Amino acid sequence: MLTCIENVLSKDDVADFRRIMDASAWEDGRSTAGSQSAMVKRNEQLPPDSEVARKLGNRIISALTSNPRFIAAAIPLQIFPPLFNRYAATSGHHFGLHVDNAIRGDRLTGLRIRTDLSVTLFLAEPDEYDGGELVIEDTYGSHEVKLPAGDCVLYPSTSLHLVTPVTRGARVASFFWLQSMIRDDQARSMIFDLDTAIQALVERLGRDDPETVKLTGIYHNLIRYWAEV
């Protein structure tokens with residue numbers, strides 16, 4: 001399931017992030033790549049252990065965990081500390097086809113997660129750069145994603161994906177992973193669809209409608225059946 005979420009960060013938040021990031025030191029992005037990914041990864045990152053990256057990452061987690069659509073789509077158990085990257089046209093930056101590591105560990109906190117969902121939060125407007133599309137492959141084909149600054153996309157970490165070469169400007173984003181309470185992507189997708197339908201019924205019929213209450217019970221019982229906590 002590929003899900004886009006609008007306005008995770010406001011435009012003012014994005015401007016503040018960019019001001020802080022532009023004044024920070026960057027390093028070779030291959031420092032956080034696995035052995036396979038490192039061969040095709042060409043970009044820059046904020047040092048993951050830096051105070052800047054941690055503070056900005058905490059702001060992103062706070063914004064996401066108060067976003068109902070994110071909670072409904074991800075059903076998160078653990079969120080890996082967000083990382084930050086930059087693809088510059090002047091350096092020919094891109095990221096070839098790869099799949100994310102199954103397990104990620106954080107050196108500072110000791111957190112280890114199974115990567116169920118990958119997240120990219122865009123921090124540059126689409127008209128600021130050419131190229132830089134996130135291309136995600138699944139059983140239905142390839143999907144190009146290039147969202148407004150402040151929006152994010154969630155997709156299964158099992159997906160092959162790439163970032164096309166940036167030919168003008170710079171693509172700036174945050175990226176990270178999460179472990180969901182619902183391991184299986186198909187099960188998580190069905191629960192999300194059910195939740196979306198229930199919310200639509202609540203808007204039309206109210207929370208006290210008997211059939212809506214029954215469906216809400218089914219929703220919680222499915223989570224109870226599938227959840228790993």
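Including glycine, each Cβ sits where the backbone N, Cα and C put it.
Noted in Swiss-Prot for the protein shown:
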{"type": "DOMAIN", "residues": "78-180", "note": "domain 'Fe2OG dioxygenase'"}
{"type": "BINDING", "residues": "His98, Asp100, His161", "note": "Fe cation binding site"}
{"type": "BINDING", "residues": "Arg171", "note": "2-oxoglutarate binding site"}
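Annotated features, which come from Swiss-Prot, shown on the structure.
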| residue | record | Cβ neighbours (10 Å) |
| --- | --- | --- |
| His98 | Fe cation binding site | 18 |
| Asp100 | Fe cation binding site | 20 |
| His161 | Fe cation binding site | 23 |
| Arg171 | 2-oxoglutarate binding site | 27 |
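Reported as a whole number, the C-alpha separation between the residue listed as '2-oxoglutarate binding site' and Asp100 (Fe cation binding site) equals 20 Å. Under the DSSP three-state reduction, Arg171 (2-oxoglutarate binding site) is assigned to strand. Under the three-state DSSP scheme, Asp100 (Fe cation binding site) falls in the coil class. Secondary structure of the domain 'Fe2OG dioxygenase' (78-180) per DSSP, as helix, strand and coil residue counts: 6 helix, 61 strand, 36 coil. Averaged over the domain 'Fe2OG dioxygenase' (78-180), the predicted model reaches a pLDDT of 97.
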